[in-house]
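Engineer: I have a structure I would like to understand better, so I am pasting it below and will then ask my questions one at a time.
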């Protein structure tokens, strides 16, 4: 019985001190699983080079991360939220209601989104038009909107092989989906003229027309993947006709299984995305609670380290892993150094 | 012909049609049973085979031995050996030293290569500069000397030695070139580059996405250990006390019936539900720290309690009433009869149930997803009990899940390797449970 007593009392002491000695000594980060690899690379290097402990980076998605970020101020809340999109006004409001008012927005760089298929299959050179014609619910045929009749890629574009259309695209909970809709499907919708026709039939309602454009067909041709890119890869390995949507970094780690398609004639690479030639990319962010700077040791140092040239610059480890370095990194560096909060000078 | 008219008498030697039919159905049933067992065994063998073939590679790692001169003009320009000044040199400042190490190897072994120094260092793990820096900070007096180091090779080189990466498969890979693989072949021939058992996979911390070769299971293992400590310290006393009271003291009425039904129901609740409960109660309401093994342990305690209560009650029930009667008859109080006689006799059964409950909790991932134990968490080895309980950590199954998600295929191999470690733990715990039951269980 003495063992039980001993462990029970140790535990009781630990539980009591849990509330008292909670004084957290490492930075806590949560959010986007797209930013996770970059954040973990920085956290690891930070732990190696500074006297502070290695920050903890949790995944869970941009929205979940920002929700936790907006829970309030204090040591039991996270210090930084990673996001693969900009914070929404709704979230800023929710933050303010919980007392999180001063938020520092840090843009770390750009993430490329690529289309890739099985390495031994056909190669493709896509344009946004092709994707719109392949996946949209309704397309324009002879000037009229009809339910999408295309079955193979040859139906979409005569220069493509007659391979059945099978797309694995990120599910709606992913930030990547939004980019795919905006920069590919919507762009294709506008270019094929379907957008104008829908808008005209709607009585010039631009928002509704955009929404109609990005509604995808539901006959099984396009499959939403709610998991990670590893799941998309597994689907393509079992269905060789499949074409998936991946992050550039993921593709670069799996070049032995995947071949990447060009978009509007441009091969995706960190270079072509940095110059803006490759159209499908989006900025990545993290958000800092200003109130935690000075309270949580190492928070500001971590943020400054993250955007420093040796980390986020074009030759840094993040660029090596697949992040497209931000040409305006110097601006971000001064922003972090000055602790400029959202809405102060924008 | 003679006995054709007489109906065949059933004898032991000559079974009649009905007996034959019954025997045939028994034979069929036996065959079905053997097929069922055969399918089960085959599945088990396939599973074990897959796990072993995919995971064993993770226990071996490629290392490169280099003579590195710790140049004073790079690390300590003043020569004062002031630790604070030496710390100013970040890991990036150590890269030239490693390039120097490669230069020396190329010169010593006479390898002909056209690779640039930067590409030569490219076959090393990104953890190499950190390893050097740690060494120097630990012992600044070594600055200026030439020391032999064993560095990890990066995951592509390691994959090349393990056959996962080939010259054809890297055609589009910008992280490694065919020339670098040629260089690797030459180094291997010179005996500088070797594949050997890697203890760090079992004892080390998690590593970021860029260096799968350096990732290890150790810190996550410590996280699991601390969670099990919490589960043991809470679930065992609470579970045993609850079942002794219910079984020996409580009156049998509808209230205890309801409690009993609810405990059995609780045992069937999916574990993710306990995760949500843990998030709501322990983190959002009680403000316990995120990702802490203490919270994980509390959640798993809730999950394990029903298992322990059910098995404890079963083993208490198995103690024959004559033992209690004898104790009471000799003048023992109810409490004495329970604690001096019934409980010791039921102990082996209770322990078995507890160990099996712990093994279940050890392999549980779902509730841990919700309390923030997924991500790049297991990076700092805990320094003591309170730090182990309170500072963020992961657990073995959560770490495996995390690795399986990452982009580099080398992490996939480590996920399988992690499964092997986890299985070793589970099998050991279950074996201990079986041995305990065999040795101490008494039958009346």
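Each residue, glycine too, has its Cβ placed from N, Cα and C.
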Engineer: Taking B:9-30, B:31-52 as the choices, which stretch does TrEMBL tie to transmembrane segment?
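Structural biologist: From TrEMBL, the annotated transmembrane segment range turns out to be B:31-52.
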Engineer: In TrEMBL, which of the ranges B:203-224, B:225-246, B:313-334 has the transmembrane segment annotation?
Structural biologist: B:225-246
Engineer: Transmembrane segment per TrEMBL sits at which of B:166-185, B:266-285, B:366-385?
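Structural biologist: Going through B:166-185, B:266-285, B:366-385 one by one, TrEMBL flags B:266-285 as transmembrane segment.
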Engineer: Same chain only, please: residues at least 6 beyond the ends of the transmembrane segment (B:266-285) with a C-beta under 8 Å from a C-beta of the stretch. Say none if there are none.
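Structural biologist: For the transmembrane segment (B:266-285), the nonlocal Cβ contacts are 295-296, 298-300, 302-303, 305-307, 310, 364, 366-372.
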Engineer: Counting Cβ pairs closer than 8 Å, which of B:31-52, B:225-246, B:292-312 has the most of them with the transmembrane segment (B:415-436)?
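Structural biologist: The stretch with the most contacts is B:31-52.
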Engineer: Near the transmembrane segment (B:225-246), which same-chain residues lie under 8 Å Cβ to Cβ, leaving out any that are not at least 6 residues past its ends?
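Structural biologist: Residues packing against the transmembrane segment (B:225-246) from afar: 256, 259-260, 293-294, 296-298, 300-301, 304-305, 308-309, 312-313, 316, 338, 343, 350, 354, 357-358, 361-362, 382, 385, 388-389, 393, 395.
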Engineer: In the same chain, which residue numbers or ranges, 6 or more beyond the ends of the transmembrane segment (B:31-52), come under 8 angstroms Cβ to Cβ?
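Structural biologist: Contacts of the transmembrane segment (B:31-52) (Cβ under 8 Å, skipping residues fewer than 6 from its ends): 416, 419-420, 423.
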